[in-house]
Amino acid sequence: MIPKKLVHFEYIQINLASPERILQWGQRTLSNGEIVGEVTRSETINYRTLKPEMDGLFCERIFGPVKDWECHCGRYKRVRYNKNSEISIVCERCGVEVIESGVRRHRMGHIKLASPVTHVWYLKGIPSYISVILGMPRKDVENIVYYNNNDSISFKNISQFLTENRFFSNSTDILDDLLNIKEKEEEISGGEAIYKMLKNFDLKATAQKIREDLAENEAAWTQSSFFNGEDSDWVLDENQWNKKNQDWQIEEERRNKKRNKLIKRLRIINHFIATGAKPEWMVLSILPVLPPELRPMVQLDGGRFATSDLNDLYRRVINRNNRLAKLNNMLAPEIVVRSEKRMLQESVDALIDNGKRGKALVGNNKIPLKSLSDIIKGKQGRFRQNLLGKRVDYSGRSVIVVGPNLKLHQCGLPKEMAIELFQPFVIHTLINEGLANNIKGAKKIIQNSDPILWEILNQVIQGHPVLLNRAPTLHRLGIQAFEPILVEGRAIQLHPLVCPAFNADFDGDQMAVHIPLSLEAQTEARLLMLASSNLLSPATGLPIISPSQDMVLGCYYLTTEDIRLRGTKSHYFSSLEQVIMAYDQKKINLHTIVWVRFSGIIDSKYIKQNPIEIRVDSLGFVSYIYKNYQMRKDFKNNLISQYIRTTPGRILFNQVIQNSLDYSPSEY
């Protein structure tokens, strides 16, 4: 057996595949010189022997043996026939290569189409690359591909034929020429017509012509040239000026549309030139067939089989392709051949992207068949589901709920989830502290949920950050680190201020939890990824941590005052603590207007206002009464006391801010 070679590569590029490349994928030469790879039959397995049919969709000669080191007929079995051999053995009777069955996961086949068909992505996509390249409306291209039009070329040929002074020829010559015209009409229909048009398309010459047209268009048309016409010497009144300006705007809009169309066409042509792809590769003459292990057929209980939808789509293509080849050999009527070509085009469209053209093909259960595009696109597709979104160990997932008692860098982790995620660390700690003799004993403690377990778990999670991720991760703040806090229930608790960074809300969103294992990963998470260290948006530099929704509403509710209490008897307190005490004793509510003695610095805007009332007592003390402020001074103008008008809610709000800032306020 040939040893496997390691191939090093730097990147993967997705490009158009040429017919030669597709043939190279699905065609191989066996050690006996036989060339295999073409799938010519639509059968899958034999209903009696349950073995794959030869030259079918599961053929062992094309894709490899079903069982390791065993051919189709059973002549070669076990590994001893191929041990220490650089050249694989091919069975002389059935032609199957005696090799491992794992090759059925990557060996491809191919179908040679009896008539070229267009690739539905490049015909029905936005933009339609085929129509843009050819400079034709997409509807006209579709009419040619699906045989929906009356060919203008055929009528042109007939009119040209009738004007060539041939009216006096015999009927046999006229009939021969009309048949020749019919043959010419056949050459310009369907995918074959598109293929010939694309094959004869000169990319570089067309690109140069478009550049010249763009330059000429820019130079020839300016606003000044439009207004400097034959009436440029006349003084225009307002109505004439408005009409001419309106005409110019219409012409400018038309010119911009033409310019954008040329730029779009030039951009696509430049991509073809840069990548080395040829436009005719958008028309398929050879269709690749996926390896059978990627479209399996599984036997169920009771003898029934479950098969991939791709097998039904491939079967439809093969049946129509074989029928078209048979009709071509039979010299069938043109209308029948056209209908079969159109059906072949539709079957290939359904295989590549079912439902792209219109109504999707459905199976026996009335559910649309899953095509090749459906396998790779979307959330459940190959890229997002299997390549970008692989499942990893030491991770979990749950619904998020708000955690109002958490700090910004903390998250609430359910105990049930935490014991599973941190289980290796818990087992290690249980053994080190002598609470368990081995791993089996430690797992028994975990299964029994002993009270000592939660103490050990709290000890383990101290200083061990976890990573929270919400899909889709559109920027780096989609994954942040938090210190876990054990909570009851099964939901992850999240601080509401970090929701904008994750673009999350609490209407059922789910988030994933990942555990950094190594010391380096934990250090990186703590220093770089902690939520309290990511306050600014990496895109704009603006704060991404900002209160919103219920937080803003709560702050407003806390600091508002009840206007219905205006004009009632005011309450006076000698300190802020007395106000809080009265609120705790339910003597007043959050919105009660109170006057409280305050010894701090008052904002100067209150003092600059004119007082509402000035009182002077018998001792010469002066009281200045403002709308929200009162102060009392002695006869030497020394401040004795000052009161401010506020509410208990504002006092609580101010204390929370003071405690978070951890400094004495300079103003209230």
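Cβ atoms here come from the backbone N, Cα and C positions, even for glycine.
Some features that Swiss-Prot has for this protein:
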| type | residues | note |
| --- | --- | --- |
| BINDING | Cys71, Cys73, Cys91, Cys94 | Zn(2+) binding site |
| BINDING | Asp505, Asp507, Asp509 | Mg(2+) binding site |
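Overlay of Swiss-Prot feature records on the structure.
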residue : record              : DSSP (3 states)
Cys71   : Zn(2+) binding site : coil
Cys91   : Zn(2+) binding site : coil
Asp505  : Mg(2+) binding site : coil
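Checked against Cys94 (Zn(2+) binding site) by C-alpha proximity, the binding-site residues Asp505, Asp507, Asp509 yield Asp509 as the nearest.
Separation of the C-alpha atoms of Asp505 (Mg(2+) binding site) and Cys91 (Zn(2+) binding site): 63 Å, rounded to the nearest whole number. In this structure, the CA atom of Cys71 (Zn(2+) binding site) is 52 Å away from the CA atom of Asp509 (Mg(2+) binding site). For Cys71 (Zn(2+) binding site), the count of additional Cβ atoms within 10 Å of its Cβ stands at 25 [all protein chains shown]. Ranking the binding-site residues Asp505, Asp507, Asp509 by how many Cβ atoms sit within 10 Å of each one's Cβ puts Asp509 at the top. Remark: Cys73 (Zn(2+) binding site) has Cys91, Arg93, Cys94, Val96 as non-local neighbours, by Cβ distance under 8 Å and separation of at least 6 in sequence.
Within 8 A of the CB centroid of the Zn(2+) site residues Cys71, Cys73, Cys91, Cys94, the other residues of that chain are His72, Gly74, Arg75, Tyr76, Glu92, Arg93, Gly95, Val96. Here the binding-site residues are Cys91, Cys94, and the one with the most other Cβ atoms within 10 Å of its Cβ is Cys91.
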